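**Q** Let me give you the structure first, and then I'll get to my questions.
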C-alpha cells in the first residue's frame with residue numbers, strides 16, 4: 001500500500017476532525033468540554049477495538065518491556081497529552097479562523113518543527129538530514145500562511161493571536177508524531193499507540209477541567225441535543241493516530257507532514273466551501289496560500305515517497 005496516499009488520507013481526516021471539533025465547541029460554547037467529549041468518545045472506541053484485537057494487549061506488554069529496559073524514555077508515553085493540547089486549541093480556534101486558515105497555520109508550525117525532529121531522529125526510523133529542498137519547503141509553507149490571511153489582517157473578525165496559536169499547535173503536533181513513531185516502533189501495534197494517546201490525553205484534559213472549575217476559570221455546559229456526527233471527532237482521531245504512527249516511521253515527520261498537506265488543505269477548503277463557518281469566506285489570497293503550500297509538498301516530497309506492500 002502506498003504510504004503517500006495513506007498520508008494524504010490522514011490529512012483529510014485532520015481537516016474533517018477540525019471542523020467537527022470546532023462545531024462541537026461552538027454548540028457547547030465550551031472548548032475544553034468539547035475536547036473532553038472528543039477524547040472521551042475516542043477512548044471508548046479504541047478501548048472497544050482493543051478488546052477485539054489481541055495484538056493490542058501484546059503491543060502494550062512490549063511497550064512496558066521497552067520502558068523498563070530504558071529503550072524508550074518515559075516522557076515519550078505522554079504523546080497523548082500533546083495531542084490533547086492540540087485538540088483544546090483546535091476547538092477554540094477553528095470557529096474563529098475557519099478550517100482552511102487554521103490548517104495552513106498549523107501546517108506551518110508542523111513543517112518547521114519537523115525539520116529538527118527528523119534531524120535528531122526522534123521518529124524511531126533513523127535520522128534524516130536537513131537538505132536544501134526540505135528547508136525551501138518549510139520556508140514556502142510559512143510564507144503561505146502570511147499569504148493566505150493577507151486580505152484579513154485588518155479584518156475585525158481575524159485574530160492574529162489565533163493564527164499564532166494555530167502555528168504553535170501545529171509545532172507541538174510535529175513533536176507528537178515523532179514520539180508516536182517511537183512508541184509504535186516498540187509496541188509494533190498502531191492501536192496500542194492510539195490507546196496510550198487517548199488515555200494520557202484524557203487524563204490531561206480532565207486535570208485541566210478540574211483546575212478550571214476550582215479556580216472558576218472553567219465551567220460545565222449542559223449538552224444539548226446535537227447531530228450524531230458531532231461526536232465522531234474522537235473516533236476519527238483513533239484511526240488518524242493509528243495511520244500516522246505507522247507511516248511516520250518510514251517517511252519521517254517532515255515528508256509525512258507534507259504529503260498530509262495535500263489531503264488536509266484540499267479537504268479543509270472543500271469543507272469551507274460546502275459548509276462554511278459563519279463569518280468565514282474563501283478568498284484568492286487563501287487559495288494562493290494553499291497553492292504555495294502544495295508547492296512545498298512537491299519541492300520536498302514528490303518522488304521521495306516510499307511504498308509498503310502487504
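In case you wondered, yes, glycine gets a Cβ from its N, Cα and C as well.
What you see is a predicted model, and the numbers here were worked out from it, not measured in a lab.
What TrEMBL records for this protein is below:
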| type | residues | note |
| --- | --- | --- |
| TRANSMEM | 35-56 | transmembrane segment |
| TRANSMEM | 77-94 | transmembrane segment |
| TRANSMEM | 100-122 | transmembrane segment |
| TRANSMEM | 134-153 | transmembrane segment |
| TRANSMEM | 159-179 | transmembrane segment |
| TRANSMEM | 191-214 | transmembrane segment |
| TRANSMEM | 226-244 | transmembrane segment |
| TRANSMEM | 251-270 | transmembrane segment |
| TRANSMEM | 282-301 | transmembrane segment |
**Q** Please give the sequence-distant neighbours of the transmembrane segment (282-301): residues at least 6 beyond its ends with Cβ less than 8 Å from one of its Cβ atoms.
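**A** Contacts with the transmembrane segment (282-301): 4, 100-101, 104, 107, 111, 133-134, 136-138, 140-141, 143-152, 254-255, 258-259, 261-262, 265-266, 269, 272-273, 276.
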**Q** Checking distant contacts: for the transmembrane segment (35-56), what same-chain residues at least six beyond its ends satisfy Cβ-Cβ under 8 A?
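**A** Distant Cβ neighbours of the transmembrane segment (35-56) are 20-21, 24-25, 28, 84, 87-88, 91, 189, 191-192, 194-195, 198-199, 201-202, 205-206, 209, 223, 231-235, 237-238.
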**Q** Would you mind listing the long-range same-chain contacts of the transmembrane segment (77-94), meaning Cβ under 8 Å and 6+ residues beyond its ends?
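**A** 17-19, 21-22, 24-25, 31-32, 34-35, 38-39, 67, 102, 162, 165-166, 168-169, 172-173, 175-176, 179-180, 183, 196-205, 208, 233, 237, 241, 277.
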**Q** Go through the chain and flag residues at least 6 beyond the ends of the transmembrane segment (159-179) whose CB is under 8 A from any CB in it; none is fine as an answer.
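**A** Contacts with the transmembrane segment (159-179): 76, 78-79, 82-83, 85-86, 89-90, 92-93, 96-97, 101-102, 105-114, 117, 122-123, 145, 149, 153, 244-245, 248, 253, 256-257.
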**Q** At a C-beta cut-off of under 8 Å, are there same-chain residues at least 6 beyond the transmembrane segment (226-244) that contact it? List them, or none.
**A** 6-7, 9-10, 13-14, 16-17, 20-21, 23-24, 27, 37-46, 49, 83, 87, 177, 180, 190-191, 193-194, 197-198, 256
